[in-house]
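Everything on this sheet refers to the single structure shown next.
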Amino acid sequence: MAEFLSEKRFRDFQTGNCTDSYKFFGSRSCVRTVNGVRTSGIRFTLWAPGATGVRVIGEFNGWGKNDAKSGTMKRGKNGVWSFFTPDAAVGQKYKYAVEQKNGRTVYKSDPYALLSECRPGTASVIYESGKYAWGDSEWMKQRAGKDLIHGPLNIYEVHLGSWKRGAIPGIDYETQWREVDERKAEEPFLNYRELAEQLAVYLNEMHYTHVEIMPVSEHPLDASWGYQTLCFYSITSRYGSPDDFRYFVDRLHQAGIGVILDWVPGHFCKDESGLYNFDGDWAYESEMAERRENLQWGTANFDLGKGEVRSFLISNALYFFREFHVDGLRVDAVANMLYLDYAKKPSPALKNRYGGNECIEGIEFLRALNRAVFEEIPNPLMIAEDSSAWPLVTKPTYLGGLGFNFKWNMGWMNDTLEYMRMDPIYRQWHHNQMTFSILYAFSENYILPLSHDEVVHGKHSMIEKMFGDYDAKFEALACYYLFMMTHPGKKLQFMGNEFGQFVEWRYYEELEWKLLLYPKHERLRRYVRDLNAFYAEHRALWEKDDRREGFRWIDANNSSQSVFSYIRYAEDEEDFLVVICNFTPVAYEEFKLGVPRFADYVLAFPFPADSRSESAEIMLKPEPEPWNGLPFHIRIRLPGYGAMIYRPVFRRKNRE
């Protein structure tokens, strides 16, 4: 046993109960007594139980080229290796030369490195967290008291490498626009600090409550978008240092924006310098190839039954909360951790001890993860990206749930986007694709996601998914966005969706911001901005998101006209909104719409924002004739692709 790690702490690490393993493993500054003298230096600690020998090689010892024994680590009990040297210093690069049982030596990055060399390099970097002066105390205090379930949650999903980029040196962007367009992929990344300044302004203008960052742990391949992680504790150096990322979070918090990280605990990349077959004995993954190999993504699955792996991952999650003040994690590919045979061919090796296909270890890990996070972190967001029908995902672990507090509603997204691709002529026979989600909308705490996954790999951009010509696409998309923002569930929108980018998302270049020079794109952006603001201001759209009492259909069955109408309720019985969406280009000069209360009704959110809409100044008087199963009705003009929200205005005598 290495002397710096007590027996008790190591037992916690072995059993999956250590939540701060990064404090003991990796490269850390320390003071040791060497020959009776107190000596400052760097301590290296590594868990590699299957290795027959390990050396630390780096800039401090010439990468071990001059001395075959330089940096030799001492093996303690249970496969923990340690080495101390006064010659190493913060900022220097290093790797582990791991000798495997088969006699092969592999050169590995440090699993617990807090900083890594920027790709294509794979060396770890000795790093010490500085004394960053946080300025977000007010945000952190307010966060602890927020009611996430019954409050507004509107997330903007961002890939930091392609939201915006810097300018190519030596090019005049005003006159050499053709060359700029041809060389967009050469534009340099912005630093975390630059991104923070620009995002803070943009997100506030657009009225988003949170930003969700696609994975920022170090990864070797840009094309993986961060989902094939190499070093889980290293914030990618593509965009700056860990302190730069702290500034990113701090700046957004001071602007009133929460920060969610996309986190990938189920699998990791198979690059030789990473975790894959780290010590020659499959330390982090299963010895069984059928369970280990993730053929769908070309990665390796973690063995979540190993306590050391659970400690590694749970500590990693808490590391981001503690060290970077993040507000939540979106846990990627939960189904891959719930099922042994997820995206695999049937095999006896993919059965649990009871003969089922559920991954018992994965289930236990997810529950342990959420317990650990919720026990320590005030009011975190723990979001499951789960494409399965696993029950009780957002129920507490003490009630048999997985312990998340939100889950992506993949069913809503798939059904409704398929509907929007159809020619409106045929939509009447697929009406249920827009209504079915209400049957299960309150079984979990859902987020409605229009994410990066829906605008890549030939799926088309959000605007291109819409059926019709150029003009019809914009009208249909605006109608769809209003339907989304008034449907039960929190919201997530991927960058570029808000202004109707026509090309699919390209990770290697910035969004096509030049499209905002065209009126329809800028009009759509302003429409989304105003819709976001309306959502944030109206309690009826989020206060009862988790209860059936917060939603009532006015007419769920108007398939012949492809018109959907419903009511959203807040806690106050007089605070409700009447919503109607017409998913065809057919306009109706007079459309009868049932309403629940005798009140005047005013158009609260008009679309389109032109003369075809009802004027927001006109009070619509209710008629006492029952309609749509409601005691009153109003008469409206319903434009083609019209999507409108009405609010009641009660007169004093009506209240009495």
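Just so you know, glycine gets a Cβ as well, placed from its N, Cα and C.
As annotated by TrEMBL, active site, nucleophile applies to Asp332. Summarising the annotation, TrEMBL assigns active site, proton donor to Glu385. Residues annotated as domain 'Glycosyl hydrolase family 13 catalytic' in TrEMBL: 157-535.
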Length of the line joining the Cα atoms of the residue listed as 'active site, nucleophile' and Glu385 (active site, proton donor), in Å: 5
Cβ neighbour count (within 10 Å, all chains shown) around Asp332 (active site, nucleophile): 22
Predicted model, mean pLDDT over the domain 'Glycosyl hydrolase family 13 catalytic' (157-535): 96
Spatial neighbours, same chain, of Glu385 (active site, proton donor) - Cβ under 8 Å, 6+ residues apart: Arg330, Val331, Asp332, Ala333, Val334, Trp408, Pro449
DSSP three-state assignment for the residue listed as 'active site, proton donor': coil
